[in-house]
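Visitor: So that we are looking at the same thing, I have put the structure below in structure tokens.
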There are 4 protein chains.
Amino acid sequence: MTQTHQTTTENEADCFRDECGVFGIYGKPDAAAVVTLGLHALQHRGQEAAGIVSFDGKQFSVERHVGLIGDTFTKQSVMDRLPGSRAIGHTRYSTTGGEGLRNVQPLFAEFAGGGFAIAHNGNLTNALTKQRELQKRGAIFSSTSDTETVLHLIAVSERDRLVEKFIDAVTQLEGAFSFVGLSGKKMIGARDPLGIRPLVLGDLDGAYILASETCALDIIGARIVRDIQPGEVIVITEEGPRSYFPFEKTNPRFCIFEYVYFARPDSTIEGRNVYEVRKKIGQELAREAPVNADMVVPVPDSGTPAAIGFSQEAGIPFDLGIIRNHYVGRTFIQPQSAIRHMGVRLKHNANRWAIRDKRIVLVDDSIVRGTTSQKIVQMVRDAGAAEVHMRIASPPTSASCFYGVDTPEKSKLLASRMSIEEMRDFIRVDSLAFLSINGLYRAVNEPQRNDQCPQFCDACFTSDYPTALTDQEHTESTRVLSLLANNG
Amino acid sequence: MTQTHQTTTENEADCFRDECGVFGIYGKPDAAAVVTLGLHALQHRGQEAAGIVSFDGKQFSVERHVGLIGDTFTKQSVMDRLPGSRAIGHTRYSTTGGEGLRNVQPLFAEFAGGGFAIAHNGNLTNALTKQRELQKRGAIFSSTSDTETVLHLIAVSERDRLVEKFIDAVTQLEGAFSFVGLSGKKMIGARDPLGIRPLVLGDLDGAYILASETCALDIIGARIVRDIQPGEVIVITEEGPRSYFPFEKTNPRFCIFEYVYFARPDSTIEGRNVYEVRKKIGQELAREAPVNADMVVPVPDSGTPAAIGFSQEAGIPFDLGIIRNHYVGRTFIQPQSAIRHMGVRLKHNANRWAIRDKRIVLVDDSIVRGTTSQKIVQMVRDAGAAEVHMRIASPPTSASCFYGVDTPEKSKLLASRMSIEEMRDFIRVDSLAFLSINGLYRAVNEPQRNDQCPQFCDACFTSDYPTALTDQEHTESTRVLSLLANNG
Amino acid sequence: MTQTHQTTTENEADCFRDECGVFGIYGKPDAAAVVTLGLHALQHRGQEAAGIVSFDGKQFSVERHVGLIGDTFTKQSVMDRLPGSRAIGHTRYSTTGGEGLRNVQPLFAEFAGGGFAIAHNGNLTNALTKQRELQKRGAIFSSTSDTETVLHLIAVSERDRLVEKFIDAVTQLEGAFSFVGLSGKKMIGARDPLGIRPLVLGDLDGAYILASETCALDIIGARIVRDIQPGEVIVITEEGPRSYFPFEKTNPRFCIFEYVYFARPDSTIEGRNVYEVRKKIGQELAREAPVNADMVVPVPDSGTPAAIGFSQEAGIPFDLGIIRNHYVGRTFIQPQSAIRHMGVRLKHNANRWAIRDKRIVLVDDSIVRGTTSQKIVQMVRDAGAAEVHMRIASPPTSASCFYGVDTPEKSKLLASRMSIEEMRDFIRVDSLAFLSINGLYRAVNEPQRNDQCPQFCDACFTSDYPTALTDQEHTESTRVLSLLANNG
Amino acid sequence: MTQTHQTTTENEADCFRDECGVFGIYGKPDAAAVVTLGLHALQHRGQEAAGIVSFDGKQFSVERHVGLIGDTFTKQSVMDRLPGSRAIGHTRYSTTGGEGLRNVQPLFAEFAGGGFAIAHNGNLTNALTKQRELQKRGAIFSSTSDTETVLHLIAVSERDRLVEKFIDAVTQLEGAFSFVGLSGKKMIGARDPLGIRPLVLGDLDGAYILASETCALDIIGARIVRDIQPGEVIVITEEGPRSYFPFEKTNPRFCIFEYVYFARPDSTIEGRNVYEVRKKIGQELAREAPVNADMVVPVPDSGTPAAIGFSQEAGIPFDLGIIRNHYVGRTFIQPQSAIRHMGVRLKHNANRWAIRDKRIVLVDDSIVRGTTSQKIVQMVRDAGAAEVHMRIASPPTSASCFYGVDTPEKSKLLASRMSIEEMRDFIRVDSLAFLSINGLYRAVNEPQRNDQCPQFCDACFTSDYPTALTDQEHTESTRVLSLLANNG
């Protein structure tokens, strides 16, 4: 008998759903307003719910809302309830049901020594195992978020001071995590020893900022200080930042898919501008899989930078052969059943006057289940294209991510069950090519993948997971597991 | 530095705010619909928020809403989310703010051994002390409700089985409690050893029911089986009920104020019908404090039964000299500031054509701060009454309740700072009389109060508290205390 | 083919649904706040929706909301949108659907000469006929309310000044109406020539008030000036009130059912206090239909005053044998289907300890369909009553009302299809008696009904309609008619 | 004394706000679901509110909602209330306040002969004058929309049949209009004699469609039949379409700004694909105002097609130097005051790594007040651009539109008060060039503007208004005028 008081909906979307975005600022009046802007800039990392916790020197205030930042955290009444010059926030992909707000972060706990709020981007691969241990000794969980496990590990730590307890907790974790925490005196950031998810340090007129991406610093005109290092715990107080490195030293393995799809093109991570990487991906792709064609057409918007790169390298004109309707988010929420079958046209329309009788190179970032590609290709063919050549700006995605990306089960990934020729047939294109894994590494300025000691986490392409997957190995019930795995 | 993430509003109402109502049923299809009806009948015990947890054999479902049962739990969509043949519910006085739903019961926890929901009527006088102990060993509290303390005590109990853990937990508690709990296999009821708050057992076509009052059984045509005994823990399974008596034997002390004001007149508690008791109170009052008058007028609705008793004993006609507007609840929620000073007339209006030139006996249940009485008397005088004689259907309330009633601080109780003559002067009546404490005991069929071993909890009249008040004694910060004391 | 863009739900309630309440004030800062209080006191005349129009010397502001006044018009934001020292308001029984707010009054129109708002209590019996004439000449109706017909008649009047146009319009109307209107300069009141619905003039510190009942003056401490006379049009300007009597002189026929059921007991209409009338009704009933019994029990709350009168006349004790749950309005809104069959117990519960083995006189105000009476009697019998004698505080209601009361069709009225003996059998009482028509006239201090020239409208008892029923006579389609007839 | 019951907010946005979009379908089950999709594709023409009227053979159903189509008309409950196989819809820019829904179209009227719904894209330049005439003869207006004037003109027409009345009404109108109407038997389309706004006829499996743009046909896979002709009234019945040409023959003057900005790039209007026109505009611009630069950067998204054309013609690489955040609509709704000054970065961010040290050609569609351009240029300079050359894809906009576009007053248009050199200085670019008027005509395949008989409405560039502006000429009060002029 499984006892759960909340259900999760299966990931039915044919895309990689984003993970989460985190943002914190320490020492700026109306800190929550700044966090609102930061989260707005990170909305591509999670668009369905958000939360902010502020501290005004005496007490913590918490607001959590379902909906876009621009709809929920821009009301004066909401902002008035978040006073103080220190605040952290979180934006996440999805919540469901009336109880859903329980899982919206930051989570907050009143410890014996005072309050503590925490926001998390990533996913812990031993959270369920830890949760069971904690429950056995009497812990009560009030959310289904793996982040709550961290709160409990801090609460039961026998160390004396908060920073020590925090380090005690995070050193017990496996998986990917970029945390931002807020206590009555400190803002704390932490990145897992492999640095799988991004986290940067910024500065706005002397106030320190922690954010998932640099674009969240740009929106408020903040200065980019540096990336938080893999394995670094940074503690910001009124005296400024101080860093700890409690993890055993290891080679970092940043998520290469952040460059392919997740991060915003105007962000720079670990010294590489995302837009530049994507253009280089397009160039590599044009070199690896050239084609005779009249027009390079991106699947907007995620395929656009690679398509520009492809066009420039191949000397084939770049054109907007597909127009995107931006009045939905990344998918149409709750489509009415009568129109569900019309699917993809809610978001994209082929510009038939541009496409007709042309040989088209269609550039997209990746193929997940393949159904979206199938529909887009059909739409382009219906619009009169003479030939359709698909070029994918990444290697075939054949494995699930356990580090904070909401991927379908492996068995539903097209590349896990078909050869490239079978896929070409399935999506009905004249030719299909993916970027090679080494092409991808070249696009991020590595000579090639170092198979002995890979420079990035590329498990979704290679099944080479850089951490233990404890929960996976010890659990039969994937149903229960998914409760935790869906957390951003 | 106090760190709290939620504020509570002071009790400014000039009445005793009700406590809470609990209801559970085990073994009836659409159990949640039955609970909805039961809570509707208990709405006088708490009208601002309610919650229901149901169990369908596989999983728990939770719904909590601010508002009247009849507005929130009657929507089909809400009821559809509460499947199953076992369910418990709770109705409570008030919640504030966006986070307020966290305090709406039943609370739910996922223990190592499965889910458990609990609803509470009463108040624990050592909850804060226990909470601090639990926090020191790592517990994280997600509400400000004393009920959550019980969940944690169960969670950390080292006993093996749920019933043992539950008994382990409740035997550590001080104060007043009537609990209804629901696990994957059992419904559990418990009443504190003094039996301060009511709890009854009912039966509907073979399904067992636990409810705060018999009126919640009547609404669904259920049979009244018996009162749960003080100190009894009753465990209902598919095999039927089984009782445990884990507390040291002591003399029961049921809250006598339930008879005066809280309980519904059509309920019967410990063998006494509430309406009959109130009529007898009126008769005692007529004998103790007779008056020459033309008309007995109740302050509706709580003074009505005593006024009928007074009228019948005194031979003075009973008349509706004050009309109540029922389109508000017990107070006008969020009155617009421009009209706040108009106060009491939102609820009551003197029927001047009935009252003019008459000598009036005004019967009310109690006096709290006295401001309401003052306004009502003024209104009756403005309507042309020749004389106004106030008769109060209870002794002077001079002490706070720590057992689940939201009373003002002692210093704000009129009877704690004035003599009866001063009170008469303050509310400007021609005469004022309260029922004597022995008169009240006679109305409940006791010969008199046994001062050595009082038959009831009457602390609000006598300051004779029947339990330890641990939190009170160990706490300087009444601010923090109030966070817990406001729980119903 | 009938073309309508809104549906109305059939009246399925087993009671006479109330009509509407109107209230206006001229010359008081924050006039809308005063109107809010007045409407709150009139909520028994219509509880599901309300509207207020205010005028601040420059422009009109309109707010209309579904829900109780105390929930909707007490928000600061709503009141802030209603500035000005002149305002009128309306409370009405029901609206349905998303477009429902269109029918919430006051209605507002921008005439060539300026804005005008109007609120209506009553029902016009030639509205549909007039509407069709107006539509033929090009008028566009934006609501399904008969009140809009009045606006159009004003708009198309060829008279010069607003008051003349208004009089031109109302003198074309048949049926029952008490209007309150507001222009840029004037507040206008009008009562139909028979004075079927009430309307009173009040004074608050020099500001004039028009209100449906005196209880709406009491709530704000306003002085009762007088009843507006049947056939009077009163125009209030900064110079004070001025009256017009444009109708042919006729004998007034106030609705006698206002005394029986609709009006609030603390109101006084045409010199008679409603509570006193109801007590006299009870006394008459005790004389006309005496019975040997132990206890007089009202069906609360509408039967209570008559039960007190019956008890005092008969010398049988009055007792609360049925307890009413006030946490619903007059009916449970949208009951969940699973509990629908439990019906009446949502509102009433028999107090079995008071009733058991007693011979009961049950006093109710009227019988509509009979199903409620049937259930209440059954409940009283289930509680152990030895005998149940039903006494009804009005004659049998055997005909529909076309003057603003939402009655079922005649065929659904129990008294239109059964003899008294058949009714007694249907509701299963030991004896059943209704007040005689002359007994009712005696209770309002008339010697008897003058059949040649009845002193009241008593059509619901006698089928003697005092006005033409033009729409009824000219319409086959009762479906369309009902769109207008349901207006309050 | 002005009497208005609704206020309108001034257009403070620094862009041309879109007009409206209309869509109707006749003869398809679940017609409203199809309309929902059509309106979704037209959301760029008005994104803040929408309405649908459906007809099921017996009655009309109306739903109007504020918010995006994808949020409001995708709920099952909403769609269930819109049954039938015929429906029309409307999407519009903005509404304000509680009464705002009154102005959301389609408007509906119950005429003597039956119901009629109408949706309008455009603006009537004699609506206020007509409204005053109608009010003088007794018409009551329930909205502040010029579209209601058309309903009244139909209602008072003395012709016999609906189509005749409709033609009688529209032939009295001045200004721009594309109407879609729905009666019990017919769907009617009409385009003003100059054809200022677009309207196309489509076909979906035999069901006829009227829509503002072809992209609304593409989304559902409907076939494009043809543009409705300027001055054409098309009546669709079960027998199919029938056309009337009641207007005097004149040369058409379609709005040329639809090509520049309003229409979606994948639409084709009057035989010209919008994307192709915009690319040609870019090419013309590159020829008229060449520049030595490293990179062509569009102001996304409206400048993108022209930037591609410029890049291809000039041989300078096209790059995404500015990234747009799509998680707002076209502006951030109700920005919190504390962050208001941060303005444009909510929507755009310069990609500093791409831009740094580069000579940039910045391509935008137009300049309205100039403040947005100023901020974008500053942002690009802050990101390190070596030079910034602004190229505008249209001539200077120096005059207001009275044909359905919500432009600022003439005095607030930058080009109406500055020379090009002054503008260059104001927005601080190294060079600034606008497309010439003849360059714009060449882009739409005309040899040049025919000044005697211009082929398009280009009044916003030339002040050459193609219709009378009756309301403008006869009205002092621009305040009142604006109530009507803001309608889309």
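Numbering starts at 1 and runs along the chain as it is shown here.
Note that Cβ sites are derived from N, Cα and C of the backbone, with glycine treated the same way.
Below are the features listed in TrEMBL for this protein:
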DOMAIN    D:20-239  domain 'Glutamine amidotransferase type-2'
ACT_SITE  D:CYS20  active site, nucleophile
BINDING   D:CYS255, D:CYS401, D:CYS457, D:CYS460  [4Fe-4S] cluster binding site
BINDING   D:SER302, D:ASP364, D:ASP365  Mg(2+) binding site
Visitor: Determine, to the nearest whole angstrom, how far the Cα atom of D:ASP365 (Mg(2+) binding site) is from the Cα atom of D:CYS401 ([4Fe-4S] cluster binding site).
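Guide: For D:ASP365 (Mg(2+) binding site) versus D:CYS401 ([4Fe-4S] cluster binding site), the Cα atoms are 17 Å apart.
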Visitor: What's the CA-CA gap between D:CYS20 (active site, nucleophile) and D:CYS255 ([4Fe-4S] cluster binding site) in angstrom, rounded?
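Guide: Pair distance, Cα basis, whole Å: 14 Å.
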Visitor: For the [4Fe-4S] cluster site (D:CYS255, D:CYS401, D:CYS457, D:CYS460), what does the 8 A shell look like? I mean other same-chain residues with CB within 8 A of the CB centroid.
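Guide: After dropping the recorded site residues, what remains is D:ILE196, D:ILE256, D:PHE257, D:TYR403, D:VAL405, D:ASP458, D:ALA459.
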Visitor: When you average the Cβ positions of D:SER302, D:ASP364, D:ASP365 for the Mg(2+) site, which other residues in that chain have a Cβ within 8 Å of that mean position?
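Guide: Going along the sequence, the neighbours come out as D:TYR261, D:PRO298, D:VAL299, D:GLY303, D:ALA306, D:VAL363, D:SER366, D:ILE392, D:ALA393.
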Visitor: When the Cα of D:ASP364 (Mg(2+) binding site) is compared with the Cα of each of the binding-site residues D:CYS255, D:CYS401, D:CYS457, D:CYS460, which one is closest?
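Guide: That would be D:CYS460, nearest by Cα distance.
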Visitor: Tell me, which binding-site residues from D:CYS255, D:CYS401, D:CYS457, D:CYS460 are within 10 Å of D:SER302 (Mg(2+) binding site) if we use the C-alpha atoms?
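Guide: Checking Cα-Cα distances against D:SER302 (Mg(2+) binding site), none of the binding-site residues falls within 10 Å.
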Visitor: Under 8 Å Cβ to Cβ from D:CYS255 ([4Fe-4S] cluster binding site), same chain, six or more residues apart: give me those in sequence order, or none if nothing qualifies.
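Guide: In sequence order, the residues whose Cβ lies under 8 Å from that of D:CYS255 ([4Fe-4S] cluster binding site) (at least 6 apart) are D:ALA176, D:ILE196, D:ARG197, D:PHE262, D:TYR403, D:PHE456, D:CYS457.
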Visitor: Measuring CB to CB from D:CYS460 ([4Fe-4S] cluster binding site), give everything in the same chain under 8 Å that is also at least six residues away in sequence.
Guide: D:PHE257, D:THR397, D:SER398, D:ALA399, D:SER400, D:CYS401, D:VAL405, D:THR407
Visitor: Which one is it: of the recorded positions D:CYS20, D:CYS401, D:CYS457, which Cβ has the fewest other Cβ atoms within 10 Å in this structure?
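Guide: Taking D:CYS20, D:CYS401, D:CYS457 as the recorded positions, the minimal 10 Å Cβ count falls on D:CYS401.
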Visitor: What is the pLDDT of the domain 'Glutamine amidotransferase type-2' (D:20-239) when averaged and given as a whole number?
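Guide: A mean pLDDT of 92 is what the model gives the domain 'Glutamine amidotransferase type-2' (D:20-239).
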Visitor: What kind of secondary structure is D:CYS457 ([4Fe-4S] cluster binding site) part of, going by DSSP in three states?
Guide: strand
Visitor: Which one, from the binding-site residues D:ASP364, D:ASP365, has the smallest tally of other C-beta atoms lying within 10 Å of its C-beta?
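Guide: D:ASP364, out of the binding-site residues D:ASP364, D:ASP365, has the fewest neighbouring Cβ atoms within 10 Å.
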Visitor: Around the C-beta of D:SER302 (Mg(2+) binding site), how many further C-beta atoms are within 10 angstroms, looking at every protein chain?
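Guide: Other Cβ atoms within 10 Å of D:SER302 (Mg(2+) binding site): 22.
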